Structure formats: C-alpha cells, structure tokens
Amino acid sequence: MSNNNIPEKTIERLSEYRRTLMNLHRQGITHIFSHVLAGMQGITAVQVRRDLMLIGFSSDTKKGYDVEVLIDFINGILDSPTPMNIAVIGMGHLGQAITRYFNGKGLNLKIVAAFDVDPEKVGQTIEEIPCYSMDDFEADVSSLDINIAVLSCPSRIASDLVVPIVNAGIKGVLNFTSKPLNFPLGIVVENYDITTLLEKVAYFVKENEENNEM
Ligand SMILES: NC(=O)c1ccc[n+]([C@@H]2O[C@H](COP(=O)([O-])OP(=O)(O)OC[C@H]3O[C@@H](n4cnc5c(N)ncnc54)[C@H](O)[C@@H]3O)[C@@H](O)[C@H]2O)c1
C-alpha cells in the first residue's frame, strides 16, 4: 500500500503511537501489548491493531509488540528519507512558542528559519534560529531548502502569503491563523484554529449535557 492510501486519522494516531513508544523506550520498556498501547492512547485495542495492519506491521509476539521494531517501522512510514526543513512565518508570541516546543523533540523535522517584517526581529537569532526578512522570502526558502511553512502571522495578512508560498516551492503549510487558506493541488494544508476546535469541544459538551437531561 502506498502511504497516500493511509487515512489521515491513522497518520495522526501513528504519530501519537510513536511518541508514546519513544517514551516507553526511554524508560527501558522493550515490549507492549496492543491493549496497553491502546489504553495509553485512550482508544481500543482493535483500533491499534487495525492501524498497524493497515501499514503492514504484523510482528505481534507473545510478549506484545517489540517497541524498538515498531518505532523503526513507523519511522519508515512517517519520515521522509531526508530531514525536512520548516520555516515559521511570523515570529511573534505563537511562532516563538512553537519553535521552542518543537525543536526540542528530536524529530526528522526541524524549524530552521523564521520570516518576519519587524525590523527588530529581522537579522536576529530568536529561539536559536535566524530570522529573515519577508523581502527575500522566495530566494531564502529556496537556498535554505525549506519544504514546510508554519503560519503564525496576523490573520489579516494570511491570504497575502498564499502566492509567495506557492512561488517559493513550499509543499506543506500548517496554518495557525484564524483565516482558513486554500492552496493549489499538490500543497498539503492543515488549518489549525483554536477557536474552531474549542467551539467544537463546547458543542459536544453541550450535546452530552442535553442528552443526559433526557
Ligand atoms: N491556532 C491557534 O491555536 C492560535 C493561537 C494563538 C494565536 N493564533 C494566531 O496566530 C497568529 C499570531 O499570533 P501571535 O499572538 O503570535 O501574534 P504576534 O503579534 O505576537 O506575532 C505576529 C508576528 O507576525 C509578524 N508579521 C506581521 N506581518 C507579517 C508579514 N506580512 N509576514 C510575516 N510576518 C509578519 C509580526 O511582526 C509578529 O512578529 C495570529 O494570526 C493569531 O490569530 C492562533
């Protein structure tokens, strides 16, 4: 099966499984049963087994899954053969928080540059990465071999960045602004808006309360 056929939700869970497995590995745990992994993720063992079957992982031994082997297998599915470089566009509160949080994770993905328009930030090193001017965005993205952009600029200017991002050859966008963006086919985009997500949680809380009252 090509990785393109793996459902989005399975990809998200594989990333979560890997983080859990890496923690277990650090604690010296060598094997884990599907129901234990499932319990740690708050899902069913059937779901875990189905996800791992989908990616062709079947080495469930009497002791459960071999933690190291499973991490390697998931690496082979999720990671690109070469490390991917990420740029943060808008190195304000959120951009800096994301960089600080993400670059400590030791993944095959690294935030290597920031772009901003603030003269006090451009030319500085912030959270251990260089901050470049938006004026030279396309040339710098190309010379730094950046594949992915994280958008943490003001929402009102987010749509102005679609064309520069496409022209610069960026292949994936994680958009944190409150302006949902569309890109041409071939560019992966994930819009992550905390207000939408919180409203979704609040809606289901309300639904549960209403159902409990009935
Ligand atoms: N999705 C979420 O969970 C979430 C949470 C908080 C904030 N946000 C959004 O993230 C964005 C940033 O929020 P913040 O609190 O970090 O704001 P901030 O004002 O601290 O940072 C914004 C940064 O963008 C820079 N900027 C302005 N115009 C730019 C341009 N044309 N190109 C590149 N950079 C530019 C600014 O100089 C500043 O450094 C906002 O759109 C906000 O709505 C999303």
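The backbone N, Cα and C atoms fix where each Cβ goes, glycine too.
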Candidate ranges 16-55, 136-175 [criterion: TrEMBL lists as DNA-binding region]: 16-55
Least surrounded among the binding-site residues, given as G90, G92, G95, when other CB atoms within 10 Å are counted: G92
Conformational class of M91 (NAD(+) binding site) under the three-state DSSP mapping: coil
Site with most surrounding Cβ atoms, counting all protein chains shown within 10 Å, from the binding-site residues M91, L94: M91
Beyond the site residues G90, M91, G92, H93, L94, G95: chain residues whose C-beta lies within 8 Å of the centroid, for NAD(+): V88, Q96, A97, I98, D116, S152, C153
Residue distribution over DSSP helix, strand and coil in the DNA-binding region (16-55): 29 helix, 2 strand, 9 coil
